[in-house]
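> The structure is given below, and queries will be raised subsequently.
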Amino acid sequence: MITAALQTLFLAQYFYKLMFIGMHTRTALISTIYRKALRLSSAARKESTVGEIVNIMSVDAQRFTDITTHLNMLWSAPLQISLALYFLWQILGPSVLAGLAVMIIIIPVNGFIANKMKTLQIKQMKNKDERVKMMNEILSGIKVLKLYAWEPSFEQQVLKIRNKEVKVMREAAYFGAATSFIWSCAPFLVSLVTFAVYVLVDEKNVLDAKTAFVSLSLFNLLRFPLSMLPMMISNLVQVGVSVKRVNKFMNSEELDPDAVTHNSNEKDPIVIENGSFTWDKEETTLKNINLRIKPKSLVAVVGVVGSGKSSLVSALMGEMEKISGRVNVNGEVAYVPQTAWIQNNTLQDNILFGKTMHRKNYLQVVEACALKQDFDMLPGGDQTEIGEKGINLSGGQKQRVSLARAVYCDADIYYLDDPLSAVDSHVGKHIFDNVIGPKGLLHNKTRVFITHGITHLHEVDLIITLKDGEVSEMGTYQELLDNKGAFAEFLSQHLQEVGKEELEELDEEVKKQLLEVSPEKLSRQLSTASDRSNSISSKHNGGSQKSLDDLIKKSNKAKDKLIEEERAETGGVKLDVYKHYLGAIGPSSSLPLSC
């Protein structure tokens, strides 16, 4: 009895420690995979889908936890079996070899089943990757699906993948059940064959109570290691597949950390010399890039769609593969992407982004980024909670929040990837004048301003014109107009697509200069445009008379949470849960369970 109590205590501590180690292993593996995902090159991202990465972090990482608990069985099970067979030999003699033969016969059968389960495991993971990828795309675009009533169509696609997955899982379950059945019967078959041979080989061998009960005790020692072997084999097969998947992902190509150097001895904050960059190894995206950007300058990057403007910023951040050349960036960098990234958090937290709250600076940023009216309209002011991916904000609001976050962080260098594309023309003018422009909050910062517009180009220090991935022209606004090259061609093409509101924001001097570039197109646009700038300006400036302090004081008010914390139920499991479970597995399977 004391031995049994000690065994229970030691086994409990043993499994607790191993489960603890397994959880640590899983956590470390997930963290490593997450860091690797952030460092993947553009070519590697195409090979690893979102569904595959999610499954590696969840399913494959869990396999390592599952096997850790019984990992010591790999050496202890053979040891226990060997010791039991040795003592049985002392009692039953060579008859034990008959039982050993039964165990040896079972091993090839189990090996065949293990190979089949490995093949099925690979198929299952591929189906799971495909399903998770599909679900990720559905959830990302759920708004569009709802608006177009596409739910039934996509439901059928998910069910089609799910049915393939269930078919493979069912087949794997059959093989798993066969393995468990064989090894569960193994102790009984070994003892039966051993006793039969012991009695039949020699008439002197008598199976008395002493021999039988001692032998049965030893056979019972075989029961646990033999019952654990199928589980270990199954776990080893699954871990083997997971190891290959994790190893393949971890060996994927990474971004070169030395693609962008940070030499503080360089006098210019941004330098590219003979730079060539690519997103994949098949085609060069940016070629022969040479530029030097002066400190505290405002540089506009223009060009037609697909000319490589956003790629230039990605190259400066080290997100592209550098084929040749040198890139040096000296200073802290802030980036405003074309597609704003919004947290599921309050507006204030999205702007602060972990920084300490300095009220004066915060109010200046909010005012400069034209967020005052938005705070007035929202029920909780800057304490309004934003849903997943900024679902309750418009495109312009998300862009301004993203810009405000970058401005508040007070970096040295700003990469602004078309930040005015999602806002109205009068709001864009307000943001440029108060944030980006020569008199804005960032006037003493180095700014790389990518734009498709022409309204503010005359106010920048330098214009870089890209064409087919190369720097076609570089200079001031007036210099490029006089050259009548790629920049003039860009202006001419832009005037065909420009909206009337944007033309109304142009200065008279700029309109005269553009008339020289493309007189017919600009005259046609101006003849139909109405002078609404005064009314628009008055509407923008006189909308809300509330002060920012009043709007931000809303933070003290109670606000409705979009996402509530989950609450764990307590008490016993209700009968409805069992009914739902039995109904889900079907009447044919639930009848034996209920009995």
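Cβ from N, Cα, C; glycine included.
Positions annotated as domain 'ABC transmembrane type-1' by TrEMBL: 1-238. Marked as transmembrane segment by TrEMBL: 95-115, 172-201, 221-241. Annotation source TrEMBL lists domain 'ABC transporter' at 270-493. The region 'Disordered' annotation in TrEMBL covers 522-551. Under the heading compositional bias 'Polar residues', TrEMBL lists 524-546.
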> Can you name the far-off residues of the same chain, 6+ from the ends of the transmembrane segment (172-201), with a Cβ under 8 Å from a Cβ of it?
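Tertiary neighbours of the transmembrane segment (172-201) are 88, 92-96, 98-103, 106, 109-110, 113-114, 116-117, 120-121, 124, 207, 212, 215-216, 219-220, 222-223, 226-227, 229-230, 233-234.
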> Which sequence positions outside the transmembrane segment (221-241), separated from its termini by at least 6 residues, show Cβ-Cβ distances below 8 Å to it?
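That would be 63-64, 66-67, 70, 73-74, 76-78, 80-81, 83-84, 103, 110, 114, 117-118, 121-122, 125, 176, 179-180, 182-184, 186-187, 190.
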> So what pLDDT does the domain 'ABC transporter' (270-493) average out to?
88
